[in-house]
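K.L.:
Structure incoming, see below.
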Amino acid sequence: AHISNQESKYQRVCDLSFHSHSACCHICHPALFITYPLIIKSHLFSFLCAGAGGWSPLTSDRYQWLEVDLGRRTRITAVATQGRYGSSDWLTAYLLMFSDTGHNWRQHRQEDSLGAFPGNSNADSVVQYKLEQPVIARYLRLIPLDWNPTGRIGLRLEIYGCRYTSDVANFDGSSSLVYRLSLRPSRTTIETISLKFKTLKNCGTLLHAEGQRDHSLTLVLDKGKLLLYHQQGNPIFSFSYGSLLVSLGSLLDDQHWHYIKLERMNTHLNLTVDKTTQQVHIPAELSHWDIHQLSLGAVQGHGLQKPILSNRNLSGCLENLFYNNLNLIDLAKQKSHQVTGNVTFSCAEPVFVAVTFTDSQSFLQLPGSTSWSQGVTSVALQFRTWNKVGLLLTFDLPNQDGVVWLYINEEMRTIDIIRQIQCVYVCLCLGSGLNDGQWHSVELKFRSDHLSISVNDRVCIIAAAEACTSEFLQLKAFSLFQGCMRLLAVDNQPIDLIKVQQRLLGNYSHLKIDMCGIIDRCSPSHCEHGGRCTQSWNTFHCNCSDSGYRGATCHSSTFKQSCEEYKHDGNTSGHYYIDVDGSGPIKPQLVYCNMTEDKAWMVIQHNNTELTRVTASPEGNQYSAYFDYASADEQLAAIINQSEHCEQELSYYCRKSRLLNTPDGAPFSWWVGGPSPGQVQMYWGGALPGSRQCACGLQDSCLDPYHYCNCDADHDQWTNDSGVISHKETLPVLSLVLGDVQRPGSEAAYRVGPLRCHGDKNFWNAAFFDKETSYLHFPTFNGELNADISFLFKTTSSSGVFLENLGIKDFIRIELKVVFSFDVGNGPLEVRVQTSVPLNDNRWHSVRAERNVKEASLRVDELPVATKAAPADGHIHLQLNSQLFIGTASRQKGFLGCIRSLQLNGVTLDLEERAKITPGVRPGCPGHCSSYGWLCQNQGRCVEKTSGFYCDCSPSAYTGAFCHKEVSAGFKSTTSITYMFKEPYDLSGNTSALPSSIYSDMTLRGENISLSFRTSQSPALLLYVSSFYREYLGSISNWCFFFSPCLCVFLFPDSDEVDADLVGVASVGFTGCLSAVHFNSISPLKAALLHPDSAVIVTGPLVQSSCGSSSSANPYAAETTHSLSGIRAASVYYSTYYTPLYIERVRGVIAVVIFITVSALVIMARFICSRKETYRNQEVKASQSEDGHEFPFSSQADSQSAPNENQKEYFI
C-alpha cells in the first residue's frame, strides 16, 4: 500500500513518494536514550527539516528519526527505502521501531539478534525488506544508523501492509470471562486455545480449564514467564497446588502483545509463546479429558481447587481469544449465555516511559529540586537489569560538601550507599536477585540527621555518619549501570523523560528513551544438553559442569563414542562414559570396556545377569522376568546399530521342564527382544531367528532326536540349552517368559548375560581420494545455529580442501592448512591452527571444528584450541543450500589422501558406501600401524586389520590389548617351571612334535634374558640355564656390600659339574614373585600359565597372580620396621625390570629352568630376616536345590574389573 500525505491522517510525519519531486516536511525529532543523574541546567537542541524529494534533517547524526502514524493498527509486511531525489543523500543502515500508542517502542530484530536493516547504495535504487513475521502496529519509527559519508541523511519511505481487525477484552484485576460448554461437541484429535495478551504486571492468571474428575489446567504469568500447571483433587484432602508441566517465555510483562497457543493432543500438549514451541507429555488421565469450563483472567471454578496465584487476577488485555474455532470475545460482545463476565471491550494503555542505558557511555543528567536547599532529598526509581554490578545514581548533597552514590552489587547481594566528606559507607542486604531482569523499586531519602533507603518496600534507616576509610577511594571506579529505568522521581515529582528526549530537560547521551531494550538471551536458551544459562546485559554464558559436554554452548561431548575409540587412545580395560552420537541428543552412558588383544568389547549390564532359579508362581502357570538395562532404550539402539557385532548369552537349565516343545506346537517359553518395545522371539541362544530351535537342534545333537532342544526331552536329570544370540535386530533381551515350571518335579534356572558389543562402524568408515578432482557429495548440511564437524585424515599432500558447503552468500569450508572458514552473513571469518610439525606425514590426524552463536573453534590433534568470537548482534543463522562436498567441486584444489570417521553434528557420513559408486574415490583406507603401532609395547607387533589394527603379543612376555599386562605368579617351595627346546639335530632319533614356531629360534650365538622379580629372600636363585654342551648359567639375588641388595650372574662354561655354592642356593630355593620372564623369543612363564603344552613342565602349585603389577614409587627403597625385641631389621623390595643378560659362548640347545622355593633363611651378621606371604584362593561352593537334588551349575556374574591382590609382609 502506497501511503501519501493526502490519504492518511498522519501526525508528526511527512510521507514521501518514491516518484515525487517535491518534499513534504514536518517536525523531525532527535532520537531516544538515558543514564545516571548529575546537576546541570537543561539544554534545548535545535533542528530543521530540509531537502527536496525526500526527508532530510538539518543535523545528520544518530539522534534523528522519522515517525509514521498509520491511523490504526495495521499488519505491516514490508518496508522499502530510497535515497533523497537528485542528491547524494541516502541511508546505508537503519533501525525500525514499532508501537501501538506512540510510546513504549519496540525494536524490530532479525533472527532475534540482528537489529540493523541494510539500506541503499545510491539515491535512486529501491531496497525492500520483507519482514519474516508481519508486525501489527499503528506507529512506525525509522532511526538512521549510517548514511553516505559524502552526503547526509536522506530518505524516501514506503510501507506495505493491510488492515488488521481484532476483538479485544480488558481485564482490570477484578474482572474475568467464563465460557461454559453446554453440550460436549464431538471429540476432535486436536483441541486448541489461542490468544494474545499484553500486561505491565509480571504475574496474573491467564486461563483456567476445568474438566471431569477434578482435573484442571492453569496457565499463569509469574515473574514475566508463562507457567502451565496441572491440578487434580479436592484441596480439602490435598494441599497440593498442582504440578508444573512447563515454563516458557520471559519478560512478557512489557506491555507488548504476545501470542499464546495451547494444543492438546492424545498424549501431549504443545505450548507456543510467540515463536517458541515446546512439547509437553501430559499425565495419562488427561489423554481423554474433556473441558467443561474455561475461565479467562481469573480462576472462576467450583471452589474445590486452590488457585495457583492467590488473589492475582490478570491486569491487562486479551485479544483474538479462540477456543478451537470459536471466538469467545465476540460471543461475550453478543452476550451469549455460554459466556459471562465483567470485561470491557477496549484495551486500556497505561503509559510508563522507560529509558534504556545501553553501554558504558550512557548517562542521564537531571537538575535537582528547589526543595533541596531546605535539607530534604528524595530520589525514587524502578530498574531492571541482568548485570550483577552497576551504579544506579549519584548526586551532590545539598548545602554540604559530599556526594552520594547508590550502587548495586549483586555479587555481594547488597545495595551500597556511599556518602563522602563526612562519609557513610553502608552495605545494605536489602535486596537479593536484583539482576533477575524483573522490575525493582528503590527510594532514597536523605535528611541532615539520617538517611533511609527502601528496596522493593523493605526499608532501612541509617541514623549517624561514620568516618571515611581509605577503601572509599577504590570505589570511584564503579561499573556503570546497563539496563532499564522508569518512574524516576525527585522529591516526589515525576521526571518527564519525553522532555529529556526533546532536550528540554537535563542532558543525556547513548540512551534509548521511551523503550526498554532488555533482551533475555537465555529464553530460549542456546545452552544445549542441560547446560545452565546465565547472562549479562551484552552476552550469555553456559555452565557446562556435570553435563558431559563442553564449548561455549555445551555442544560438544567430552566423551568418546565407543570403546574402540578409547582403545585407540591407548586406554585399557575399565569403566568409561560413552556418548554414542557425540553432540547429538542421546545422553552419555557408563559402560565397561573390556580391551582384549584384538577387540574392544562394550559390556552393558542389566538388573539380573546371575544364574537365577525359577520359582513357581501361585497366581499363574508362567514365570516372567523383565530386564532393566543400565542404558536407556535410545542408547541401546544406537550402540547396537553402530557396532560391528553384538551378542548376549541366553541359557536355560532344566530338569523336567520343557522349553520350546516342537516347531509345530505352541512354545512353552519365549522371550522379547529388539528395539523397545521389542518383538516376541521363539528361538533360543545359538539358533537362528524364526527357527523355533535351540543350538543343539541346529547342530543335530539334541538329547532327543525328535525335539530341537535338550530340555524338550523332558528328562529327570539336569541338562541345559545354552548359547549366544548374535542377531542384532533381536537384541537386547528385554523380557523372558517360562511356561513349563509348574509340574511336580519340574526345576529350572535361566541366565541372560550382559549385552556385549565390539567394533565401531563409524570410527573406521573411510574413503581414499586418489585424484585432486575427486569428491563425494551428500545432502546439504543443516547446522543453522550449532555446527560441529570432526574427522581424521592422513595425506602426503601439502594443501587441499577437506569439505565445503555453499549457500547464496553463506558458506562453510575446512582446508588442509588447517583453516576453518565460514560466513553467516557478517562477512567471511577464519579460524586457523598453527602446527609445529607437518601434517602431510601420512599419519592419522584429527580435526574438530565447531561454530555456534557465540564463537567458532578449531582443534587439530591435541594442540590448543583456536577460537574466534562471533560478532555482537550479528547474523547467527548459517543458511546453506548446495550439496555438501567432501573434497571440493569448486575451482579450489581438492584433497588427496584418506578421510575417516567424518561426523557432522554427531551423524556419521557413510563415506565407504558413497565411495563404492564414485569414480576416483575408493572405500576404506589401510595403513593404521604407522599411526597406532606405538601403542604395542614390550615387543608386541602391530598387525593390520581391514578396520583398524591389533597388537600381537605372542613374541612378548606380556599380554593385554597393548601387550602391557605383566604375566606374574607367586611361587611356593615345590613349584618349578621347566621349558624344553627342540634338539638342534636328531641325536637319539626322537624329534619334538611341537608345531609352533614361537618357541623355536634357539640357535643364536647369544641369549637375551629379561625378567621382573620380588623377594625378601637372600640369596635366592632366580633362574638356571643348562645346555647340551654342559654349559650353565645362573642368576642369584643376594646381599652385597653394606647389606644392600644386588643381582649376581654366574657363568660356568665347559664345566662337568655345577658349582657347589649354586647347588646349595638352589636347594634352599626361592620365595617370591616372578613376572614377565623372557628368554630370547620365548616366554616360559606366560607359556605355562596361558599356553600350556608339551614343551612346558610344571611341578608344584602354580597360580597366576597380580603380584608383579604393583610397584612402589621408589622400587629400590628399603622398608624399615621393628621386631618384637626392638631390634631393627630390614626387608628389601626388589623390582628389576628388563635386566638384560647377554652371553656370547652359550649356544646350542638350552633348557631354561626357573626354580621357585618356599622359604629362605639367610644369616648375615646380626640380622635375621624372613617373610611370610599368604595367597588366598577362593572356592566356589555348589548350591543345593531345595528338595535335595544337586544343582550342578554355578551362579557367577561377569567380572568387569580384575581384583587387586594386596601383599602383606610380616617381620619377626
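The backbone N, Cα and C atoms fix where each Cβ goes, glycine too.
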K.L.:
Have a look at 520-552, 553-585, 1180-1212 and point to the one annotated region 'Disordered' in TrEMBL.
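P.N.:
Going through 520-552, 553-585, 1180-1212 one by one, TrEMBL flags 1180-1212 as region 'Disordered'.
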K.L.:
Can you tell me which parts of the same chain pack against the domain 'EGF-like' (518-555), counting only residues 6+ beyond its ends and a CB-CB cutoff under 8 A?
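P.N.:
Sequence-distant neighbours of the domain 'EGF-like' (518-555): 225, 249-251, 276, 356, 384-388, 437, 482-484, 577, 579, 583, 587-588, 785-786, 788, 850, 852-855, 857, 872.
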K.L.:
Take the domain 'EGF-like' (926-964) and count its residues per DSSP category (helix H/G/I, strand E/B, coil), listing them in that order.
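P.N.:
So the domain 'EGF-like' (926-964) is made up of 7 helix, 12 strand, 20 coil.
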K.L.:
Could you break down the residues of the domain 'Fibrinogen C-terminal' (554-606) into DSSP helix, strand and coil, giving a count for each?
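P.N.:
Secondary-structure breakdown of the domain 'Fibrinogen C-terminal' (554-606): 5 helix, 21 strand, 27 coil.
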K.L.:
From the DSSP assignment alone, can you count helix, strand and coil residues within the domain 'F5/8 type C' (55-162)?
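P.N.:
Taking the domain 'F5/8 type C' (55-162) as a whole: 0 helix, 64 strand, 44 coil.
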K.L.:
Tell me which residues of the chain lie with their Cβ under 8 angstroms from that of Cys925 (disulfide bond), as long as they are six or more apart in sequence?
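P.N.:
Listed in sequence order: Ala766, Ala767, Phe768, Lys794, Cys898, Arg900.
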K.L.:
Using a 10 Å radius around its CB, how many other CB atoms surround Cys898 (disulfide bond)?
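P.N.:
Around the Cβ of Cys898 (disulfide bond), 22 other Cβ atoms lie within 10 Å.
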K.L.:
Within the domain 'EGF-like' (926-964) only, compute the mean pLDDT.
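P.N.:
Mean pLDDT for the domain 'EGF-like' (926-964): 89.
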